[in-house]
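Reading through the structure tokens given below for one structure.
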Amino acid sequence: MNSQDLEQWDKEYVWHPFTQMKTYRESKPLIIERGEGSYLIDVDGKRYLDGYASLWVNVHGHNEPELNGALIEQVNKVAHSTLLGSANVPSILLAKKLAEITPGPLSKVFYSDTGSAAVEIALKVAYQYWQNIDPVKHRNKNKFVSLDEAYHGDTVGAVSVGGMDLFHRIFKPLLFQRISAPSPYAYHMTEYGDPEAVKNHCLKELEKLLQKQSEEIAGLIIEPLVQGAAGIITHPLGFLKEVGQLCKKYNILLICDEVAVGFGRTGTMFACEQEDVVPDIMCMGKGITGGYMPLAATIMNEQIFQSFLGEREEHKTFYHGHTYTGNQLACALALKNIELMESRNLIKDIQKKSKYLSQRLQALYELPIVGDIRQRGFMIGVEIVKDRQTKETFTLQENVVSGIIHTARENGLIIRELGPVITMMPILSMSEKDLDFMVETVYHAIQEVSIHKGLIPAAN
Ligand SMILES: *Cc1c(COP(=O)(O)O)cnc(C)c1O
């Protein structure tokens, strides 16, 4: 089995997610064989810095001895038994731990295996909560509010509350109705003024629709602090806090989708902590196992849980579950991941390194096609524009953004783009030296593509 065979079979048999396979098959695929700390190594032995944390999941690095050990220890006991009608040790210990590390009275954990499923569960629980309490009074409470450009996953329910037209347009006829609220994308909303003014505009619009429709609204779902997939849209300070207050005022449930921002990504264990917001329901995924195995969880407060209690014939039961719910290997890894985050003081470390990182990132403004640099902790988006004044972006055919990603990869850095935004999501334990390499490689890739496209002179 050589790398040519693998390349051929990859192109012949594997359908890659979010990928135009025609283009993919015309290019040389990156086939990963091993990982070592912050680096991935391909089948030809070439090393790449993982500036994407393997799709935003990796916490302590690849091939981490302690995580490997936790997995081996668990697999030597049992790999999987079901949570339907029985319990297992790691899922109990992890649920207790999650209740301890999440804010406020969040304490009831429902497991699943992808962020999308965690969101589906949150939506179904929120809807059923109102029905359990009073099906007559709340018979119309069946809609959800979400932000424009929101991303909550790819299953049909999660897509229904999504606001990314590009991804979701085609599926419109399959979706349930969403009530959309404006997202405070300050960089593109300067007609309202500074970020504070943009925030106030969005909150005013949100309040208007809640005033009118709260009777029909079961919940509001939001990515706290940062809308990741939309292109690292960093919300103005205080936005989440006021959204939380509006939910209380109009008696709708607040669902925080912490799938991307949770587990240290923004510099606190959970993003909502930064604005002292305690949601009614929180979704977790991505970083929960340190990037080792698929696991997700939806955690609820006591009040919601209580509404599901009753005699079996009352049918207040939550009729939902996945085959691998509470899988032991994944739960054992998640426990070890959290334990290591604590014992290694990772949160403090991320806070320190993100300050360092923001200084380094400023250098990118030297490049004229860099329009905006957005950062919260270890989530970074660099918006690439044709013109800083008009903020016009390059077309896909111009291959500027994809060219930057490609050049970075040739120079040993894996990152990805989200539309016109170059996205960096370093592994949370990445060293300052590697963070330097990441920023420098992005700088040179943007510079090289700018020169190649004649956007800046070669002598620059
Ligand atoms: C990635 C993501 C999801 C979906 O998670 P999957 O594991 O890909 O299903 C949901 N919400 C947010 C905010 C995400 O970033």
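Quick reminder: no glycine exception, Cβ is built from N, Cα and C everywhere.
Automated prediction, rather than curation, is the source of TrEMBL annotations.
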Among Asp44, Asp50, Asp257 - the residue TrEMBL places in the same pyridoxal 5'-phosphate site as Gly115, Ser116, His322, Thr323: Asp257
Cβ-based isolation winner (fewest other Cβ atoms within 10 Å) among the binding-site residues Ser116, Thr323: Thr323
Rounded Cα-Cα span from Gly115 (pyridoxal 5'-phosphate binding site) to Gly321 (substrate binding site), Å: 14
Max pairwise CA distance, angstrom, over record-listed pyridoxal 5'-phosphate binders Gly115, Ser116, Asp257, His322, Thr323: 23
Between Gly115 (pyridoxal 5'-phosphate binding site) and Tyr151 (substrate binding site), the C-alpha gap once rounded to whole angstrom: 11
Distance in Å spanning the most remote Cα pair of Tyr151, Lys286, Gly321, Arg416, given for substrate: 33
Listed binding-site residues with Cβ under 6 Å from ligand 1, out of Gly115, Ser116, Thr323: Gly115, Ser116
